[in-house]
Amino acid sequence: MRMALGVSYNGQAYNGWQSQPSGNTVQDRLEAALGRFATQEVHTICAGRTDAGVHGLMQVVHFDTQLQRAPFSWVRGTNTFLPTDIAVQWAQPVPDAFHSRACAVARRYAYVLLQSPVRPSVDAGRVGWVFHALDEQAMHRAVQHLLGEHDFTSFRASACQAKSPVKTLHRIDITRRAPPAGESTGTHGCIPCYWRFEFEGNAFLHHMIRNIMGCIVAIGQGLYPPEWMRTVLEARSRDAAAPTFSPDGLYFQGPVYGAEWGLPTRTAAYDWLP
């Protein structure tokens, strides 16, 4: 029997998703918990790997098992053995043809950024941070150059193992959540607010979103014009782009599957993001 799980996690304490000899990864913790519940070794395959410090709202994994249990028994039983910063949100039996990675038609990420003269405190590690005001129109114009199919070599980490740097970005949305009028505590021309950058594409390269974010923020701060984004893209060189941005505010929102699989499309964790 093949099972699919939706998993959410705070990535601050882990060395990314993928299993490592240290054992301090989300995959290692999940498989250990599944093994204890199932009393047998369980190997999972995920929809998309995340780096150290990156969070997951709805990672999807699949695995094969001989254990017959109700779907919610998998949820409660596995969560019993998981640390508090990792939780299985749902479980569902799927056909043997389902593959969490190969069946995904797209993947979604969000980056949450705090704009404030004061560094984050209660949300430290869960948001990125800038202390300069950002130009929304400039950032919006800049990301238009990235939509569609392109060679994203300029935004690719040197350790990336992808066979091709050509990917397709379907959507990049930028939204700003500001405090109510009259309640701003901004200083030095920087009004505190949260920015949310949402990305949807067929697939992503290693560090691709964090490298794009570095360029978006540089343009938002006025260091470069919006057209610089196209210059960086066409250079096809990592040296042409801005430094890699912090992993703190990056969230893997999850994969997108066809309706024929009947899998959940979101979890409650989506609703608390700014």
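Yeah, the Cβs are placed from backbone N, Cα and C, and that goes for glycine too.
What Swiss-Prot annotates here:
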| type | residues | note |
| --- | --- | --- |
| ACT_SITE | D51 | active site, nucleophile |
| BINDING | Y109 | substrate binding site |
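Around the Cβ of Y109 (substrate binding site), the same chain contributes E198, F199, E200, F204, I209, L250, Y251, F252, Q253, each under 8 angstroms and 6 or more positions distant in sequence. Every protein chain considered, the tally of other Cβ atoms within 10 Å of the Cβ of the residue listed as 'active site, nucleophile' stands at 20.
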